[in-house]
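**Q** Below are the features listed in TrEMBL for this protein:
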| type | residues | note |
| --- | --- | --- |
| BINDING | ASP40, LEU41, ASN42, HIS79, LEU80, GLY81, ARG82 | substrate binding site |
| BINDING | ARG56, ARG142, ARG175 | (2R)-3-phosphoglycerate binding site |
| BINDING | GLY235, GLU266, GLY295, GLY296, ASP297, SER298 | ATP binding site |
Amino acid sequence: MRQASRVQRASAVTVRAVKVSVGDLKKADLEGKRVFVRADLNVPMDKAGNVTDDTRIRAAIPTLKYLLDNGAKVLLTSHLGRPKGENKEEDKKKYSLKPVVARLSELLGKPVTLVDDCIGPQVESAVGALHNGDVALLENVRFYKQEEKNDADFAKALAANADLYVNDAFGTAHRAHASTEGVTKFLKPSVAGFLLQKELDYLDGAIKAPKKPFVAIVGGSKTVSIDAIPDGWMGLDIGPDSVKLFQDALAGAKTVVWNGPMGVFEMPKFAAGTVAIANTMAGLTGEGCITIIGGGDSVAAAEQAGVADKISHISTGGGASLELLEGKVLPGVAALDEKSA
C-alpha cells in the first residue's frame, strides 16, 4: 500500500566544496594509468537474465569513453541486486554482472572483459593483460560482505591493482561502502565522474535557489484512508480523487521533485495513478517548470509512461538524490578530492 505525499521544503542544501572531476584530468594524467571506476550498473532484469532497462549503463558511458580515449586502463566495478555475500557461487547464479557485458560492449564500441572476481589474483592477471584503452568489468562487488561494511582491508584489496579512482555511481554515493568511500584512502587522485558531477550540479543547483513554488512528491507507505480498505485487501495505487488532489497541488509549481511512484505501477491494473502523475510532470515541464525525477522506480515509471524525454532531469539515484535534497552529506562524494582554491 503506497501513497505519495506533497511536501514543500525550504532550501536547506549544505554548500559543498567543488570536487575534482574526471574532466580535470588530461591525457598526460591518464595514459597508461590503471583507473578503478565505481559505476552503478545495478540494472533491472527479467527472469531470463535479460536487461530490461539500460538507463544506468548508458549513463556510465561518457566517463568510460573519456578514460579509454585518453589511454587509461579501466577496472570497472559495480554491485547488482542484493546478494547475501555468504556464498559467491550461489550469488553468482542470480546476481552476476555477466548480462551487462553485451550492452556495455555495444555502447562502448569495443569488447569488455568480465573478470570472475573483484579482488585477488584473477584481477591482477586481468589488469596485467590490459592495453591502453581497454576495459575490464570486475564481478559484483557485493559478493563480499566486507563491501557494505566498508572494511579497510577489503577496500585496500580493491585498490591494489589501480593507480587512481573515479566515482561515477551516484546511486550509491549516499553509502559509505568500500568501493565508494574506503578506496579513496588508498588511491589518489579520487575524482568524480561526469555522471556524478552532473547529478551534483543539477540537483544542488536546482535546490539551492529553486524557482518557487517548490514542490516535492515523496512516495510513502499509506494510500487512502485506512478506514476505506476492507479487511484482507491492500491499497496498491492512488485513486482518481488523489490524482486530482495532487494535480491541483502541482498547478503553478516552478520546481517539482518526484521520488517514489504512486503505487505498484509494475502491474498494469495499479499503474493509473503513477502514469497520471508522470504525465502531469511532463505537462509542467512544457510550462517552464523545472521537473526532477529522483531515480529508482520513478525513472522506470516515467519510461513506462513514455514521458522520460519530457522531464528536465532524471536522476540515476533514488536514495542519493533524496538525501541530497534533504541537505545531507553523501559519503561517496565527501571522500573525493577537492579542487584547490
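Including glycine, each Cβ sits where the backbone N, Cα and C put it.
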**Q** How many whole Å apart are the CA atoms of SER298 (ATP binding site) and LEU80 (substrate binding site)?
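**A** SER298 (ATP binding site) to LEU80 (substrate binding site), Cα-Cα distance: 19 Å.
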**Q** Select one residue from ASP40, GLU266, ASP297: among these binding-site residues, choose the one with the most other Cβ atoms within 10 Å of its Cβ.
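**A** That would be ASP40, with the highest Cβ count within 10 Å.
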**Q** Do you know which of the binding-site residues GLY81, GLY235 has the most other C-beta atoms within 10 angstroms of its C-beta?
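**A** For the binding-site residues GLY81, GLY235, the Cβ with the most other Cβ atoms within 10 Å is GLY235.
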**Q** For GLY81 (substrate binding site), which of these binding-site residues sit within 10 Å, Cα to Cα: ARG56, ARG142, ARG175, GLY235, GLU266?
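**A** Those close enough are ARG142.
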**Q** Of the binding-site residues ARG142, GLU266, ASP297, which one sits closest to ASP40 (substrate binding site) when you measure Cα to Cα?
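**A** Considering only the listed binding-site residues, the nearest one is ARG142.
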**Q** Applying a 10 Å Cβ distance cut-off over all chains shown, what neighbour count does ARG142 ((2R)-3-phosphoglycerate binding site) have?
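**A** Total other Cβ atoms inside 10 Å, all chains included: 24.
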**Q** Can you tell me how far the Cα of ARG56 ((2R)-3-phosphoglycerate binding site) sits from the Cα of LEU41 (substrate binding site), in Å?
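**A** One finds 6 Å between the Cα atoms of these residues.
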**Q** Please list, in sequence order, every residue of the chain apart from ASP40, LEU41, ASN42, HIS79, LEU80, GLY81, ARG82 whose Cβ lies within 8 Å of the Cβ centroid of the substrate site.
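**A** For the substrate site, the extra neighbours are VAL43, SER78, TYR95, ASN140, ARG142.
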**Q** Are any of LEU41, ASN42, GLY235, GLU266, ASP297 (the binding-site residues) within 10 Å of ARG142 ((2R)-3-phosphoglycerate binding site) when you go C-alpha to C-alpha, and if so which?
**A** none
**Q** Quick one: of the binding-site residues LEU41, ASN42, HIS79, LEU80, which has its CA closest to the CA of ASP297 (ATP binding site)?
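**A** Nearest listed residue in space: ASN42.
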